[in-house]
Amino acid sequence: MGTCQSLLKGNRPVMGEEKPTIVFVLGAPGAGKGTQCEKIVNEFGFVHLSAGDLLREERNTPGSEYGELIENHIRNGTIVPVEITCNLLENAMNKSETKKFLIDGFPRNENNLEGWNRMMGDKVNLKFVLFFDCPEEVCVNRCLKRGAAGSGRSDDNEESLKKRFNTYINDTMPIIEHYDKENLVRKVDANHSEDESGAYWFAPGHPSIHPKLVDRIPQDWMDVF
């Protein structure tokens, strides 16, 4: 496909022999995914890859063949073709010396999941899915405040947010439920302030934990974090 060839041009195969560790980070727009990913990066040495940021960067690249297509999807709250997103993610991993990645905002629908499994499933080691759970009203208010503060994001407005939430509920929640059935979801109550959300994490069968209290973090978390 032209998309894949264009985006992968000049890049080496992903990561060589050692498979990178991947944690998917999912949640509604405004749930705090990016904010909390920064904390995990600082605390545990992961590299944070935001699918949305990579798409916006590609959109803003002068002469990008896919810039207009990406912008249309972002404004309409719909999902960019998986080939574009997967290859942007793979390129970003190729450029990093680190082998641990938080992938924020992906996979967002069944097509994303199928495309990732097809294109990247055998190249990485998926540890779990970090799910930031937060009420829609709280998320919308956060996004509108972010837009009013000058986020520069064309989708931080009421019209786009309605579309984004429809996409999240109809397309992304089934992906979270899919991973939950495989016991791969680690749920965070994100209906708190920035610091509180980082402090109270939930894993199946375990009490709330603080990420800095290493001795209280379940072993399956410590394998990654």
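Every residue, even glycine, has its Cβ placed from backbone N, Cα and C.
Note: TrEMBL annotation is automatic and uncurated.
What TrEMBL records for GLY30, ALA31, GLY32, LYS33, GLY34, THR35, ARG146, HIS192 is ATP binding site. According to TrEMBL, the feature region 'NMPbind' maps to 50-80. Annotated ribonucleoside 5'-phosphate binding site per TrEMBL: ARG56, THR78, ILE79, VAL80, GLY105, PHE106, PRO107, ARG108, ARG153, ARG164, in sequence order. Per TrEMBL, the feature CMP binding site maps to ASN112.
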Other C-beta atoms that fall within 10 angstroms of the C-beta of ALA31 (ATP binding site): 26
From binding-site residues ARG56, ILE79, ASN112, ARG153, the one whose Cα lies nearest GLY30 (ATP binding site): ARG153
Nearest recorded site to LYS33 (ATP binding site) by CA-CA distance, among binding-site residues ILE79, GLY105, PRO107, ASN112: GLY105
Of the binding-site residues listed as ALA31, THR35, HIS192, the one whose CA lies nearest the CA of ILE79 (ribonucleoside 5'-phosphate binding site): ALA31
Most crowded position, judged by CB atoms within 10 A, among GLY34, GLY105 as binding-site residues: GLY105
Alpha-carbon spacing, GLY32 (ATP binding site) to PRO107 (ribonucleoside 5'-phosphate binding site), which is rounded to whole Å: 17
Those binding-site residues listed as LYS33, ARG56, ARG146, ARG153, HIS192, and which of them has the most Cβ atoms within 10 Å of its own Cβ: LYS33
